[in-house]
Amino acid sequence: MRSHSFHLKSSHLPLLELPRRSSRSLCPPQLRRFRGASYGLQIPGSVVQRHRRHLQQSQAFDDGSFDIPSLDGWSDNEGTSSYMISSSDGEDSDGEVLINPVSDVELPRVKVSTNDALTMTAHRFAMIGRRRKRHRIKYGAFINMGLIVFLTICLLLIDWCAWRIVRLPLEPFYLTRPFFISAIIVSCVGYVCVPLLHGLQIYQIIRKEGPCRHSLKKRTPTMGGLFFVPIGVAVAQYIAGFSCIEVTGVAAVTLAYAAIGLFDDTLSLYKNHNYGLSSWLRILLEVAVGILFSLWLDCASISSPYGMKELVLLPSPVGIICLGKFYMLLTSFCFVSMGNGVNLTDGLDGLAGGTAALAFIAMSIAVLPICADLAIFGASMAGACVGFLLHNRYRASIFMGDTGSLALGGALAAMASCTGMFFPLFISSGVFVLEALSVILQVLYFRATKRLWGLGRRFFRMAPFHHHLELCGLKEPIIVAGAYVVSAFLSLFAAYVGLISA
C-alpha cells in the first residue's frame, strides 16, 4: 500500500521534545479492516511548526497493493501531525516493509540510542527500499545484456551460413557489421541527445488513468526516435550503397513514418496532453504513405528471384501467391497495423525497442535469399534499437515516442512489402499483434456490454495487455523479460518460415 508520511530530521528535532505520555496511538478503527496494521506516533503541532522546513514528504509502497492508497488523506487531528509507518502483518504478508522516499533523500545517519526504535526502523526501511530499486535497475541491465548476446549469436551464425542461404559469396560479417556499427553510434550519440532533450524540457506526458507507478516517470524526455532512427537508416544506406533502390525506398518510408510520429509528439507537447493527432487522421496519413509506397513499388525495378512483383511467399504446400491489385490493400493494412502495434507496445521501459530488434533480425534472415541489401537494413535498424536500449532500459532516461515507434513499425512493414514476406513478419511481430488485439478486444467488449446491459465492462483491467499485467502485480522488468523470451522464440520460428518459403 501507499501511505503519506513526513520524515523529520532527528538532528533538528530532539527526541526529548516528544511527549512521554500518550505517545503511542492505535490506527483509526476504519483502517483495521485492512490486512496491515498501521502504528503512529503523535507529535504536537507546536513542535511541527517550529521544524516545518525540515519536513520531507514521502510515499511508501507495498508490493501487493497495486498502488491503492492506504490512507485517504492527512490526519484530521488539529494541532498534531502523525509520523506513520505502515506494515503488513497479515497471513499473506512476506514480512517486508518498504518505505521509498520520492525525493530520494536518505535519512540522516546520526547516532541514536538503542531504545529509539522509531528512528532505527525508519532508517532500516529506507535502506531496504534503496536496495530494491538498485536491484531492479541491475535486473534491467541484465535483461539488456542477455538480448545483445542472443542477437549477436544469431547474427554470427547466419553470417557463417550465409553462403548456403544466398548461394553467393558475401562479405565477412555481412549482418554483424551493420548491427554493431549502428548500436555503437546510437549509444554514444545518446549521451549527447538525452541531456539535450532534457534541457529543452521535451518530456513525456504521463496518462492519468495509467498505473500509479508511471507517475514516477515524469520529467523523462521523449522523441528519442529523433536520433536513433536516422542513424540506423544512414548506416544501412551507407553500407548497402546509395544506388540500392530497395534500401532507399524502405528508408524513405521509415523517415516518412518518423515524420508522422514527430508531428504527433509535437502536437502532444503543445496540447500538454497524451494524445496528439486524432486516431483517424493518423491512420489516414499511414494509409497514404502505404499507398504511395505500393505505387512506387509497382513502378520501380525491384530485383526479385522470381522475375515478378506483388507476390506473397508462403511455405509449402501453399507456395507463392500472386495478389495483383489486392497487393496494395495488403500493403496498406500491414503499414497501419505494424505502425500502431509498435506504438501500443511502447508503454514499458525497453519493451518496444527490444521486441522490435528481435523482429528486425528475424526479417533480415527471412529476406536474405530474396534481397540481401534489405537484410543489411534490418540488421542496422536492430542495432539502432539495441543502442537506444542502453538509454531506454529500466529505468529509462528517455522514451522513443511516436517518432520512434511509428518509424520502427513502418520499417518492418516496408521490408515485408518489398519481398512478400508478410507471413514471417506477423509471426516475428507476435508481441505487437497481441498488444493491438488486446486494445481491439477491450473496445469491442466494452461497447457490446454497454449495449446489452447499459453498463460497459472491461475484458482486461487496462489495455494494452502489458498494463493489465502491471495491474495484476507483475513488475515492469519481469514483463519486459517475458516479452523478450516470447519474441525470441517467435523470431526464430519466423526466420525459419522465411527461409523455407523463399
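The backbone N, Cα and C atoms fix where each Cβ goes, and this holds for glycine too.
Record features, source TrEMBL:
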TRANSMEM  139-158  transmembrane segment
TRANSMEM  178-206  transmembrane segment
TRANSMEM  227-260  transmembrane segment
TRANSMEM  280-299  transmembrane segment
TRANSMEM  311-338  transmembrane segment
TRANSMEM  358-391  transmembrane segment
TRANSMEM  403-423  transmembrane segment
TRANSMEM  478-499  transmembrane segment
Response to the item:
In the same chain, residues at least 6 away from the ends of the transmembrane segment (178-206) whose Cβ sits under 8 Å of its Cβ atoms read 148, 151-152, 155, 214-215, 217-224, 226-228, 231-232, 235-236, 239, 268-269, 272-274, 376, 379-384, 386-388, 390-391, 397-399, 401
Worksheet, complete the sentence: Note: vs the transmembrane segment (227-260), the recorded stretch with the largest number of Cβ pairs under 8 Å from 139-158, 311-338, 403-423, 478-499 is 403-423
Worksheet item: Any residues 6+ beyond the ends of the transmembrane segment (311-338) with a Cβ under 8 Å from its own?
Response: 253, 257, 283, 286-287, 289-291, 293-295, 297, 304, 370, 409-410, 412-414, 416-417, 419-423, 425, 429, 432-433, 436, 497-498, 500-502
Worksheet item: So which residues does the transmembrane segment (358-391) touch in its own chain, when a touch means Cβ under 8 Å and the partner is 6 or more beyond its ends?
Response: 144, 147-148, 151, 154-155, 158, 162, 165-166, 168, 170, 174-176, 178-187, 190, 194, 224, 228-229, 231-233, 235-236, 239-241, 244, 246-247, 250-251, 254, 302-305, 313, 350, 397-398, 400, 404, 408, 411-412, 415-416, 418-421, 424-425, 427-429, 432, 484, 487-488, 490-492, 494-495, 497-499, 501-502
Worksheet item: Out of 139-158, 403-423, 478-499, which stretch touches the transmembrane segment (280-299) the most, going by CB pairs under 8 Å?
Response: 403-423
